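For reference, the structure discussed in these notes is given below.
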Amino acid sequence: MNDSHSSSSDSASMAAIDQNVGRSRRSGSGDQTLATDIPRHWHDIFWLGVFLFHLMGLALALAVLGLNRFKKSDRFNFDRYTSNTTGTVENSHGLTEDYWPMYGLGGGVGTLLGWAWLLLLGCQANHMMKISVHILTTYLAVVSVLCFWSEQIFWGVTFAIGAALQFLYVISVIDRLPFTMLVLRKAVKMVWSLPEVMRVSYAFMLVMLLWMGLWSFGAAGVVASNIDLSGRWWLLVVLSLSLFWTGAVLCNTVHVIVSGMVFLVLIHGGREAASMPPKPLMKSLRYSVTKSFGSICYGSLFTAAIRTLRWEIRGLRSKIGKNECLLCCVDFLFHLVETLVRFFNKYAYVQIAVHGKSFNRSARDAWELFQSTGVEALVAYDCSGAVLLMVTILGGLITGTCSGVWTHIKWNDDRVTMVGSTAMLMGMVLVGLAMVAVESAVTSIYICYAEDPLLIHRWDAEFFNQLSEALHQRLQHRSARAREVLTHNRFNVAIQGTVPV
């Protein structure tokens, strides 16, 4: 009986793979026009307007906040609004130029880390990824100890919890790391075969660095202001959320550009193929910053948070065991997040790049494509996004530490935490911009494998066989788990039926 179930699950999983390959054979080379000469339309214009309005308003606010204490204390006489009930004003915290160099250090360190990481990935991708996975836990633990030593109890507890969560997550996905490293190596190989893609990443890091010059100018003005401690923190939180959205928009713009290039290369069989359209990078860049930019702004609000939540819940769900109450609660959260992922996922950006759709439609179509072909089992098993996020967090921590230490040398008070935490966000955004090129290649590979597996076979036959074998194993695993749940439920029903009423 078990043998028949096993053989049926094997045939079902192989059928899913054969269905993919069969569809690709039927499509032939006619899909080579898929990503070219498609009429493009403007989508999600409302969110484009919101983002641009927010950017212009924020630029004005940052300039005012920075200038208020630049070279002169309270240039615009804002202190009259920050006086306490007795009519006195708090002691001055300095001038904008006292803190701006520390943010400059953060921006420089973040840029150097991003560029260096991209270069090292091309040489030693496997080793660099392994180092990132294992060193982050250690770094978080060390920073936690230093915070406790400096009597920063809140931040010490925060980093200690972060170290514990990171350790538990790595333990929960340790069996997935070999497959993840395989996919990342192939993605790095693809990115390094496209030097223009590397130049785009470097250029967008420079653009982000220029924006951070103005952003840090305003943030330094906030830290130097006479506003009470809670007021300064709230202002910095608002500025940080804005920087996070702006950074996410730039990252996802690079995502769309790189995805479009990778998809074209795979469809046409190589960068030097005669069928490649002229100036493909410029076309992809033009679409991403015009007609597709509204969709990028919209998706950037939600995708990062939902992806991170999904990783944590998946890791927790796999380690719960037989605690039925906790498993029920986590399953509820899991299904809720899976529903959100259907409408907000990073694979939408590939569909935006290739087909020029709106964000929600792109996300839904990508997810339905994965589920209909079984490739969703591979996507769920892969941890490449989480590994790249670890690299990003590590870069942010190093950046924040550098700026925080300098601030600690000059002032040993609450300003250390303010400058260190905001500089850490700057570093995360800059390193994330460097990592997004690799992540874009990963997502494009999965979309290509789902739409037309022979595209991957033509690019790298060995990698195609490894993907197919992994997909077969994951479908078998899911079939086995489904049979286990079904048997368990039947057993419970049988037990209840024998209990006398």
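Glycine is treated like the rest: Cβ placed from N, Cα and C.
Since we're looking at a predicted model, the values are computed, not measured.
Here's what TrEMBL has on this protein:
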- 45-67: transmembrane segment (TRANSMEM)
- 100-121: transmembrane segment (TRANSMEM)
- 133-151: transmembrane segment (TRANSMEM)
- 157-179: transmembrane segment (TRANSMEM)
- 200-227: transmembrane segment (TRANSMEM)
- 233-266: transmembrane segment (TRANSMEM)
- 287-306: transmembrane segment (TRANSMEM)
- 386-406: transmembrane segment (TRANSMEM)
- 418-438: transmembrane segment (TRANSMEM)
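Proximity of distant same-chain residues to the transmembrane segment (233-266), defined by a Cβ-Cβ separation under 8 Å and at least 6 residues beyond the stretch ends, is recorded for 34-36, 51, 54-55, 58, 62, 65, 190-191, 193-194, 196-197, 200-201, 204, 207-208, 211-212, 215, 218-219, 222-223, 227, 276-277, 280-281, 283-285, 287-289, 292-293, 296-297, 299-301, 303-304, 346, 349-350, 352-354, 418, 421-422, 425-426, 428-429, 432-433, 436-437, 439-441, 443-445, 447-448, 455-456, 458-459.
Taking pairs at least six residues apart, the transmembrane segment (133-151) and the transmembrane segment (100-121) share fewer than three Cβ pairs below 8 Å and do not count as touching. Counting Cβ pairs closer than 8 Å and at least 6 residues apart in sequence, the transmembrane segment (45-67) and the transmembrane segment (287-306) reach three or more and so form a contact.
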